[in-house]
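Data block below; observations after.
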Amino acid sequence: MGERRRANASRGDKKVANGEKPHVGQWGRAWEVDYFSLAAVLFLLAFAPLIVYYFVMSCDQYQCALTAPVLDLYWGKAQLSDIWDKTPALTWGAAKIYIVWVSFQVFLYMLVPDILHKFVPGYEGGVQEGARTPAGLINKYQVNGLQAWTITHLLWFANAYHFHWFSPTIIIDNWVPLLWCANLLGYSVATFALLKAYFFPTNAHDCKFTGNFFYDYMMGIEFNPRIGKWFDFKLFFNGRPGIVAWTLINLSYAAKQQELYGQVTNSMILVNVLQAIYVVDFFWNESWYLKTIDICHDHFGWYLGWGDCVWLPYLYTLQGLYLVYNPVELSTATAVGVLLLGLIGYYIFRMTNHQKDLFRRTNGNCKIWGKKPKSIECSYTSADGKRHYSKLMISGFWGVARHLNYTGDLMGSLAYCLACGFDHLLPYFYFTYMTILLVHRCIRDEHRCSSKYGKDWKLYTDAVPYRLLPGLF
């Protein structure tokens, strides 16, 4: 939502002079916790780690059959202790792999400034500004995720085809021990962020304390916790180590399939290609990501810290893991259909975001679908008392639905799952989860915008009445 030029300030000042009270945008997460939110927080803190373990264990011990462990326990064929005894423990080898991995990503993030933006047309890297925080600050970020991803994968392929320092299957071979390492990092980061918010916050004005320990621990207190000038917890953990690892994990799955069966199935290739497109897109548009809900709304706590270390790399890659244990060779027609669904979904996702970015960068002085875009003008006041102005576009994809980028994202998510066939439920967890996540994100984002823009937001929703599916929702 592009910032309006300073010329518009006179109109806003006139409204104040006429006695019209400006709307103060209290965006960001809640100050107070209702019972439903607290119950959801307690549920996730208690069961999210068990859910991840259950999915990984189901593949490791039951060929990815989700109901098999429950049935074995029900019929007395196994005890919980039997399942636990078969679970690989944390090993020093896995710990070394994980320490080297995270340290290398910190090195690339902090000590290798981006140079790609200097010679890659259209890529925006280097020092970039984020969105305005609730306290009125605009933080600067070192955007070098695409460079880090490229260096990491060049080294991966150089090792696989030339140096042979380690096996390409190293990740899948240590998958469960690495789970314990990821949990240790996730909980450590979340706990550190909580303590930091109390004792040495980066910006105390962007902290929110509810008084409820569990809610604050999960949803975070600090908006943008940092160490030093550049190490931003949100940007690092949202992109690295989880999303950089995503494509490496899939490559390790493909290598394992080759090792076990002597070939890589077309379904595994589809999953690798479609998810790689999403990952590369994320890093290509990392500067745009600074203006999204993860950065603009979420505080940094267990939800982001543990989620990015554990939930993302372990549950977002379930399709590839499933195909290691259950190889699927799709017919040509089915493979083409899945590919088209994924590519069309990506096109909608990317073009929707591109239209918003173009609109923001040009302050609406551009063409969307061959016409000058229409918009609704909004104003809001940050916590420092300053009044700001924005435009909400109601043309192009943004005139079809308020979150059509999420619709495209869901189409891509479904394509990943369809590549695995219909024999098991496990691959479809991702689509189910993403549907719940994005619908919730729709509602949460709109609540934030309603709080931020007030009556102006109502004008926008009247102009664009549907969220995801025109005519339905």
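From the backbone N, Cα and C atoms, a Cβ is placed for every residue, glycine too.
According to Swiss-Prot, the region 'Disordered' annotation covers 1-20.
As annotated by Swiss-Prot, transmembrane segment applies to 36-56 (among others), with the evidence given as sequence analysis.
The annotation transmembrane segment is assigned in Swiss-Prot to 97-117 (among others).
Among the features that Swiss-Prot reports, transmembrane segment is placed at 175-195 (among others).
Positions annotated as transmembrane segment by Swiss-Prot: 264-284 (among others). Packing against the transmembrane segment (264-284) from elsewhere in the chain are residues 123, 145-146, 148-149, 239, 243-244, 246-247, 250-251, 253-254, 257-258, 316-317, 319-320, 323, 327-330, 335, 338-339, 342-343, 346, 350, 412, 415-416, 419-421: each is 6 or more residues past its ends and has a CB under 8 Å from a CB in it.
Residues annotated as transmembrane segment in Swiss-Prot, with sequence analysis given as evidence: 304-324 (among others). Using a Cβ-Cβ cut-off under 8 Å and counting only residues 6 or more beyond its ends in the same chain, the transmembrane segment (304-324) has close neighbours at 48-49, 51-52, 55-56, 59, 64, 172, 175, 179, 182-183, 185-187, 189-190, 193, 220, 233-234, 237-238, 241-243, 245-246, 249-250, 253-254, 256-257, 260, 265, 267-268, 271-272, 275, 294, 298, 416-417, 419-420, 424, 426-427, 429-430, 433.
Residues or ranges marked as transmembrane segment by Swiss-Prot: 329-349 (among others).
If you draw a 10 Å sphere around the CB of Asn405 (NADP(+) binding site), it holds 23 other CB atoms from the protein chains shown. The NADP(+) binding site feature in Swiss-Prot is assigned to Lys356, Arg360, Met393, Trp398, Asn405, Tyr406, Asp445, Cys449, Ser450, Ser451, Lys452, Tyr453, Tyr460; the stated evidence is similarity to another entry.
Annotation source Swiss-Prot lists transmembrane segment at 419-439 (among others). The list of residues near the transmembrane segment (419-439) in space but at least 6 beyond its ends in sequence, with Cβ under 8 angstroms from a Cβ of it, reads 55, 58-59, 64-67, 267, 270-271, 274, 315-316, 318-319, 322-323, 326, 328, 330, 335, 338, 403, 406, 409-410, 413, 468.
Each of the binding-site residues Lys356, Asp445, Ser450, Tyr460 was scored by other CB atoms within 10 A of its CB, and the lowest score goes to Ser450. Counted within 10 Å of its Cβ, the other Cβ atoms near Met393 (NADP(+) binding site) come to 23, all protein chains included.
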